[in-house]
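Below is one structure, written out as structure tokens, with a few remarks after it.
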């Protein structure tokens, strides 16, 4: 295979700018998929992706155009899946930057461009949706030059929906995307694992980009991140390329993107970003991997039925295979039993995983309220990281608490600037800068505590700006905050699943909300139940679940009032005794409804 005929590129764009539709048109025009077989969002293989209209997983396909071989790697566009994008870019030489002609540059476009520049990729600007009446191509071109600094004289104007301009785009890929000319089949094998997925019959299937060397069926290989021994020896059973369905081959050459099956059964044996090499002629050094991504949102996952605990563990193992950004460990809760503490890249990421567990693995779960990882400085000089409110050390042993902060960049129409600033202030934001992009839009930068943005910030921002704002963030480190742990007591008993960590100024507000929610959800008992929120033993909010009362005076008619009072007194004493020994059963539905995040409640409306 001639190396100068290989063109490997990724498609990057903000969510909803037409990335998957353009991928469909490219598949159609290169005759990779016939029009009859082509469905919308063809490369989005998960049902969930098609339903929500978003890409979640990356996908890699080999196509033929004239006498060239195109290797297209489709990427997600949502801020939570930036890690998937960075992996695709590390396996590419070029990137198509898609910008919606009606919306212009959005926050996520910018984030992905910086990733492409970091990876030293050739970027081709593509202006999509030019057929729409509201398209303003000249303004968007100007914006690309001003904000990103890429010349737009070679920008391609297309309509992914109708197919207009896509043929010009294919020629531009041939002209501008570099070929892997340094790829050499004779050098020792170096192949980058940029993704993996689980097949119930073949085990783990690796998606690789061969940078140097050649890989054949029957070859023995190893992972370079681990020492070579018996447990790090694998045989290639099958390999091939995707176009878009799997096509088997006898070998893969340098420069190619393909898949490899080697009867790998354990998900933990693989880390995405690793390099594979031959055992008999190993490479001297591994390829530069990816910077390890850190989970930022943590939540407890507990099976609804305790019998499903093992199944939940196996499902998490399988999902972590294709999504190496998830971290999880076992934990227990007095109220919910055995479960796992799971770390995610963001709330959408968490929601998607919950749905995947339910659909693909048939495991129903209760998720506790999401939280972030706090840095606790103790009086004895120790530093502890805590993501679970129940693990918070005693207040008397804490010197100070720091929480993670993000730098949020928001692109917004000028008329909504006031609304957005008001929202950021209410979330304890620190104003950094405001920059006008043109006479219609501006870029605002704020520093915000991550804990304030993980619940409802995104939804509120959309409603404050009628859906026109776009948001992108990066972690900038930890800052000291005045944080407290709020515990919930039911009938004087602490319920660990409802504990939260909140800022002192907002603790009362959160505690009050939670008490009211609990009062509405927990069924009435035969005795009165106090629902209390406490900070370090001090009660800050209270609600009461009223008791059922039997009408003990029904059998009386007439007579002295003292007879009535005597019976009521007797009932009161009985209830008091019952309250002392009565334990409260919190039904499963109550847990589910109380612990549901705002997104779930919004969907219910």
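Counting starts with 1 at the first residue shown.
Quick reminder: no glycine exception, Cβ is built from N, Cα and C everywhere.
Taken from Swiss-Prot, the feature GTP binding site applies to 16, 17, 18, 19, 20, 21, 128, 129, 130, 131, supported by sequence analysis. Look at Swiss-Prot and you will find 4-181 tagged as domain 'tr-type G'.
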Fewest other C-beta atoms within 10 angstroms, as judged across 20, 128, which are the binding-site residues: 20
Reduce the DSSP letter at residue 128 (GTP binding site) to three states and note it down. strand
Given that the record lists 16, 17, 18, 19, 20, 21, 128, 129, 130, 131 as binding GTP, what is the largest C-alpha to C-alpha distance among them, in Å? 17
May I ask you to report the DSSP-based helix, strand or coil state of residue 20 (GTP binding site)? helix
Cβ-Cβ neighbours of residue 16 (GTP binding site) (radius 10 Å): 16
What is the pLDDT of the domain 'tr-type G' (4-181) when averaged and given as a whole number? 76
